[in-house]
There are 2 protein chains.
Amino acid sequence: MLYLIGLGLGDAKDITVRGLEVVRRCSRVYLEAYTSVLAVGKEALEEFYGRKLILADREEVEQEADDILKDADVSEVAFLVVGDPFGATTHSDLILRAAKLGIPYRVIHNASIMNAVGCCGLQLYNFGETVSIVFWTDSWRPESFFDKMEKNRQNGMHTLCLLDIKVKEQSLENLIKGRKIYEPPRYMSVNQAAQQLLEIVQNRRGRGEEPGLGPLAELRVCAGFLHPEPFPV
Amino acid sequence: MLYLIGLGLGDAKDITVRGLEVVRRCSRVYLEAYTSVLAVGKEALEEFYGRKLILADREEVEQEADDILKDADVSEVAFLVVGDPFGATTHSDLILRAAKLGIPYRVIHNASIMNAVGCCGLQLYNFGETVSIVFWTDSWRPESFFDKMEKNRQNGMHTLCLLDIKVKEQSLENLIKGRKIYEPPRYMSVNQAAQQLLEIVQNRRGRGEEPGLGPLAELRVCAGFLHPEPFPV
């Protein structure tokens with residue numbers, strides 16, 4: 001049995017009681033560590049769960065999924081995901097592989113930013129398409145997320161903007177040369193996201209366009225949610 | 001301190017470890033019982049939590065919120081909500097009242113159908129406005145949810161349809177006469193929702209319109225998610 005277990009958004013105690021029971025009895029427990037991060041590290045989780053965790057980075061999940069699924073037909077394997085396992089689609093691939101191999105799976109849901117964002121006071125029913133604001137490079141400066149935000153606004157919908165995370169990424173040079181040297185992890189700040197949005201507004205104004213989001217972007221991009229702060233209980 | 005605690009979607013074990021710790025030490029614990037239901041009843045929750053729960057129906061939460069908040073400035077009070085506390089906006093009112101009274105509050109998030117619906121395989125980022133399909137009566141047959149579904153479809157977005165729940169509702173007659181006699185609880189089935197959708201398609205065709213959702217409604221309204229089935233661990 002493969003278990004995909006959501007860890008929620010705060011720290012070790014945000015796992016569900018059901019999830020914790022499963023983690024404690026599985027033969028192998030993987031921690032997915034590239035689409036999101038908790039406020040605490042792997043060691044704190046290991047201490048609270050009472051289990052060693054195997055860190056699964058993007059490379060492993062995408063290229064060595066068979067290792068993760070090994071013997072999962074006869075034993076129990078857990079794959080832990082920050083937030084909810086279906087917050088991102090990255091994990092559907094693992095499920096599809098499991099299904100193909102005849103390995104049964106179960107999902108243990110938890111809060112993700114996709115629903116916890118309701119805590120900001122905006123009505124959750126009225127969010128439109130979710131966008132990812134990606135790190136720009138010198139040669140790659142996509143504006144598609146801005147277009148989606150504009151469309152949501154035209155439809156009277158809010159937009160949840162997810163900010164880019166770069167963990168264990170190779171530089172273009174290292175990628176081309178096949179060198180497994182990784183850049184330090186980067187997490188986009190609200191400031192950086194705001195800066196990119198404002199630059200898009202400026203670009204469009206330079207072309208004589210006035211984006212509907214222009215005034216909004218200037219006034220409100222200062223609003224951003226940090227990772228929900230866990231609190232001691 | 002007022003704690004709003006999400007219970008998740010399955011049974012007693014879907015509360016988070018943090019949530020359970022808080023429930024066990026609060027001086028009063030309320031269970032909100034009118035916007036959603038778990039697969040298990042109040043008694044099963046009480047047994048697992050080791051606490052007596054006070055059932056809070058719509059009347060109590062909306063009319064006697066002060067009772068719930070009583071002494072919450074000097075003691076700890078928990079308010080349990082199926083799913084996540086912000087899945088519906090109903091609970092914002094309680095928070096606003098608490099804030100007005102100077103009572104601090106904390107939210108302990110959990111999965112709600114707003115994010116767990118990702119388990120159907122559809123990309124969560126691409127859901128548009130969420131709609132509620134309400135029970136029609138003889139004299140009240142709104143079609144606004146259908147219009148929203150049409151709009152989502154035109155925008156290439158999926159629609160999550162929430163099905164109506166009627167718990168502790170009075171008949172119009174009893175309401176007018178001020179008699180506190182309540183109808184038996186009703187939960188809309190996928191079949192009933194599909195029937196209403198199909199009727200709207202027929203209505204519109206009768207007026208010479210062809211709703212974009214017409215063929216979709218006929219082919220696919222059979223798809224519906226039941227309450228996630230909890231499993232023993």
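Don't overthink the numbers, they just go from 1 along the chain as shown.
Placed from the backbone N, Cα and C atoms, the Cβ positions cover glycine too.
Annotated in TrEMBL:
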| type | residues | note |
| --- | --- | --- |
| BINDING | A:Leu9, A:Asp84, A:Gly87, A:Ser112, A:Ile113, A:Leu163 | S-adenosyl-L-methionine binding site |
| DOMAIN | A:1-178 | domain 'Tetrapyrrole methylase' |
Between 0 and 100, where does the mean pLDDT of the domain 'Tetrapyrrole methylase' (A:1-178) sit? 91
Using a Cβ-Cβ cut-off under 8 angstroms and a sequence gap of six or more, which residues of the chain neighbour A:Ser112 (S-adenosyl-L-methionine binding site)? A:Gly6, A:Leu9, A:Gly83, A:Asp84, A:Phe86, A:Gly87
List nothing but the one residue from A:Leu9, A:Ile113, A:Leu163 whose Cβ has the fewest other Cβ atoms within 10 Å; the candidates are the binding-site residues. A:Leu163
How many neighbouring Cβ atoms, not counting its own, are there within 10 Å of the Cβ of A:Asp84 (S-adenosyl-L-methionine binding site)? 32
Rounded to whole angstrom, what's the largest C-alpha distance between any two of A:Leu9, A:Asp84, A:Gly87, A:Ser112, A:Ile113, A:Leu163, listed as binding S-adenosyl-L-methionine? 17
